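Database features (TrEMBL):
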| type | residues | note |
| --- | --- | --- |
| DOMAIN | A:36-240 | domain 'ABC transmembrane type-1' |
| DOMAIN | A:308-494 | domain 'ABC transmembrane type-1' |
| TRANSMEM | A:40-58 | transmembrane segment |
| TRANSMEM | A:70-95 | transmembrane segment |
| TRANSMEM | A:115-138 | transmembrane segment |
| TRANSMEM | A:174-199 | transmembrane segment |
| TRANSMEM | A:219-241 | transmembrane segment |
| TRANSMEM | A:268-290 | transmembrane segment |
| TRANSMEM | A:310-331 | transmembrane segment |
| TRANSMEM | A:343-366 | transmembrane segment |
| TRANSMEM | A:372-394 | transmembrane segment |
| TRANSMEM | A:430-453 | transmembrane segment |
| TRANSMEM | A:473-494 | transmembrane segment |
Amino acid sequence: MVAAAIVAALILGTLLAVALRAEAGRGLGPSEWAAIRFTFWQAVLSATLSVALAIPVARALSRRQFPGRHLLVTLLGAPFILPVIVAVLGLLAVFGRSGVLNEILRWLGLPEVQIYGLHGVVLAHVFFNLPLATRLILMGWQQVPSERFRLAAQLDFGPREMWRVIEAPLLRRVVPSALAVIFAICLSSFAVALTVGGGPRATTVELAIYQAFRFDFDLGRAALLSCVQLLLVGTAAFVALRLSGTDSFGTGLDRVVKRWDAGGLTRIALDSFAICGATIFLILPLSMVVWDGMFGVLQMPAQVWKAAGVSLVVALASTLLMLGFALPIAIAAGGRQSWIEMVGLLGVAASPLVIGTGLFIVIFPIADPFAVAFPVTALVNAVMALPFALRILVGPVRDVIQNYGHLSHSLNVTGRHWLLLILLPRIRSVLGFACGLTAALSMGDLGVIALFADPETATLPLQMYRLMGAYRIDAASGAGLLLLCLSFGLFWLFDKGGRGRADT
Amino acid sequence: MEFFQTCSARRILEDTMKYLTFAAGMMAATMAVAETPVLTVYTYDSFVSDWGPGPAVEAAFEETCGCDLKFVGAGDGAALLARVKLEGARTDADIVLGLDTNLTAAARETDLFADHAIEASYAFPIGWNDAQFVPFDWGIFAFVKNADLDAPTDFKALGASDLKIVIQDPRSSTPGLGLLMWVKTAYGDESKAVWEGLSDNIVTVTKGWSEAYGMFIEGEADMVLSYTTSPAYHLIAEEDASKDAVKFTEGHYMQIEVAGKLKSTDQDALADQFLAFMVSDAFQSIIPTTNWMYPAVTPADGLPKGFETLVVPDKGLLVASDQVQAIRDEALAEWLDALSQ
């Protein structure tokens with residue numbers, strides 16, 4: 001409860017600070033309403049498509065074993081944690097006017113494809129979020145105890161029975177909230193939507209907030225727009241919560257899952273298609289980033305390494321902070337108060353610009369904003385990563401509470417002992433995934449640091465933007481590659497540490 | 001009841017904080033006077049980066065001033081003004097460096113800036129008589145392309161061509177706003193039609209300059225909106241002559257970047273000294289190859305080698321700062337209309 005209150009205070013408090021500081025401005029005009037409509041629809045489309053495509057991929061990954069599967073599952077985290085500008089340039093190198101795809105089409109004498117437009121926005125968002133959706137849904141499969149599959153095999157379940165008894169309830173458990181999280185991410189998209197959207201048609205609420213700040217310095221309108229964003233996400237979260245099932249699949253013996261339902265040519269073909277398709281779609285733009293970056297690594301000035309160190313420290317600090325927020329909230333949400341997860345979702349919907357400015361207004365009278373740049377960045381990054389962490393943690397924590405709660409209670413295992421002996425070992429793998437995601441997200445986040453950083457203290461993404469702003473595009477690509485490697489390295493370490501021996 | 005208690009508790013806490021900050025401020029001020037005086041200059045990020053003008057300017061000024069010159073980076077020009085507005089009269093800054101003529105009217109409205117007494121013979125082709133702001137460099141917006149591309153030389157011909165351009169959003173970027181003003185000053189009431197002509201040439205609109213320039217370098221567009229001085233970077237820093245800018249017959253919109261002294265400064269004389277230093281050769285000769293802009297006052301040694309190859313427009317366009325806001329709002333509405341169809 002306390003953790004949830006702190007998070008809510010941070011998000012709503014900063015919003016209030018901005019609103020109170022505002023001079024009388026104008027309300028929402030037609031262009032803002034158009035932005036709200038566009039934002040809403042592109043987020044709905046992106047979230048739906050990401051999740052719809054993720055289901056076959058997750059199902060394929062859950063019932064197939066092949067060399068490199070581990071690596072692929074880890075690699076699925078990569079697009080999501082890339083800084084926006086790196087990912088967009090990577091995406092354009094494949095789908096852009098002079099991208100690989102169009103080169104091939106030209107060579108074949110076929111008409112070119114045009115990425116810019118609403119479909120481009122959705123494509124980019126699917127690129128960012130398909131992997132996350134896949135991981136979230138895959139986790140759902142992994143929470144089905146192996147005994148259930150054994151039983152299903154003994155009862156000779158066909159695809160239809162499999163769907164009715166195992167898959168449909170499983171998806172009902174994970175899909176609504178995965179949709180809500182991705183909807184929230186896409187809602188606060190700005191640079192991606194604008195760049196790939198091809199012009200002011202693709203104006204999002206976040207851009208309108210940005211405009212209110214810098215073009216008009218109208219803090220009131222910025223706060224108002226931020227409220228709209230929070231309201232949309234709040235509604236989505238509420239709907240998701242009502243729709244999602246909370247039934248557990250019951251407890252098993254934590255045995256390694258073996259699947260008997262993987263045979264049959266159609267299924268093999270379907271799964272191969274899903275896995276290969278997703279891999280190519282995700283790997284191609286990433287390899288363009290790596291390729292571009294390799295030439296720039298040698299040209300990187302020394303400050304880049306210093307910034308990388310700073311970013312590492314901030315990332316680890318925000319991971320710790322995230323755990324401090326997420327575990328208590330997940331335990332509360334896993335119990336009776338499932339609404340509490342909604343608080344966490346606010347983090348991703350809140351505009352970084354509003355949070356940053358609000359914090360600045362609050363902090364400036366009491367302390368030097370530069371002095372607190374890093375703690376503030378770590379804190380805000382932790383809060384921004386919270387919705388993902390919660391989405392990952394709440395389900396498994398709920399299972400542990402439902403399945404072991406009575407037993408632990410009757411054995412009088414409570415408090416610290418319960419946490420260490422019962423909960424943590426059982427959620428180890430998801431905990432690793434959550435930590436990895438937070439660390440990597442924090443690593444790649446530009447967010448509030450830009451408002452607080454002074455020249456000597458920049459994070460790696462900020463340093464990368466500065467290099468780009470000074471024509472040093474090669475060096476910036478190098479820094480982008482370094483960022484990719486570090487984010488991914490952190491993600492891999494935590495994820496692997498969490499998985500341990502377990503075959504997930 | 002509880003509400004009132006928390007309120008008064010907060011009041012007490014706030015008062016204590018205020019007092020503490022005040023006391024700390026006083027102590028810092030006293031100490032600063034006792035030791036070397038510190039001159040704090042708020043500027044945009046790229047000015048203070050190691051490859052920007054900041055380090056060289058700091059070294060040159062500290063040689064003569066007997067002071068500590070401290071640059072503080074705060075985003076870009078617009079973010080800089082927002083920062084000063086948020087901090088108000090309590091700001092630590094003595095000087096704000098890096099606003100441009102699109103922002104000076106709004107900056108003047110804050111009533112935070114003091115008058116200056118600097119006179120210099122400026123290199124840009126318009127007269128300068130601003131009571132609060134002193135120019136330190138200037139640039140000319142232009143489309144940059146690969147040198148081997150034959151490009152149209154005005155907006156209408158560009159609109160009729162099938163060349164692809166990438167531009168920045170005027171709502172979030174300075175060059176984007178520059179282009180908006182450029183078309184508006186060149187075409188007035190006709191500008192909406194010009195934008196409609198351009199709409200099928202615009203590959204996309206980006207959040208900032210970096211994204212657009214990056215996309216151009218990656219080959220996503222034939223031309224990008226940037227500055228006439230951009231090719232100088234490639235020529236001088238990379239020894240690459242493959243980029244140049246297009247000269248438009250309508251004339252080119254200019255950007256004049258300025259600095260101003262804050263009324264709240266505790267280093268009045270030092271701030272004046274800095275502004276005078278700013279238009280001297282020592283400062284001005286640093287600008288061309290670090291900020292990649294034209295110096296506001298051409299240094300005695302002239303411009304660096306390579307700058308003579310740059311495109312020089314026949315006419316420089318600029319909207320007077322007091323008319324910027326009205327023109328900007330009208331032009332933005334036209335731009336949105338023309339490109340949203």
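Positions of Cβ are set from backbone N, Cα and C atoms, glycine also.
Contact check: the transmembrane segment (A:372-394) against the transmembrane segment (A:70-95) gives fewer than three Cβ pairs closer than 8 Å, residues 6 or more apart, which falls short of the contact criterion. Sequence-distant neighbours of the transmembrane segment (A:115-138) (same chain, 6+ residues past either end, Cβ-Cβ under 8 Å): 42, 45-47, 49-51, 53-55, 57-58, 61-62, 73, 76-80, 87-88, 91-92, 95-97, 99, 171, 174-175, 177-178, 181-182, 185-186, 189, 192-193, 196-199, 201-202, 278, 281-282, 285, 388, 391-392, 433. The stretch with the most CB contacts under 8 Å to the transmembrane segment (A:268-290), chosen from A:40-58, A:70-95, A:219-241, is A:70-95. Each of A:40-58, A:70-95, A:174-199, A:310-331, A:343-366 was scored by its Cβ pairs under 8 Å to the transmembrane segment (A:219-241), and the highest score goes to A:343-366. Counting Cβ pairs closer than 8 Å and at least 6 residues apart in sequence, the transmembrane segment (A:343-366) and the transmembrane segment (A:70-95) reach fewer than three and form no contact.
Same-chain residues lying 6+ beyond the ends of the transmembrane segment (A:70-95) with a Cβ under 8 Å from its Cβ atoms: 61, 101-102, 113, 115, 120, 123-124, 127-132, 134-135, 138, 191-192, 195-196, 275, 279, 282-286, 288-289, 292, 436-437, 440-441, 443-446, 461, 464-465, 468, 480, 483-484, 487-488, 491-492, 495-496.
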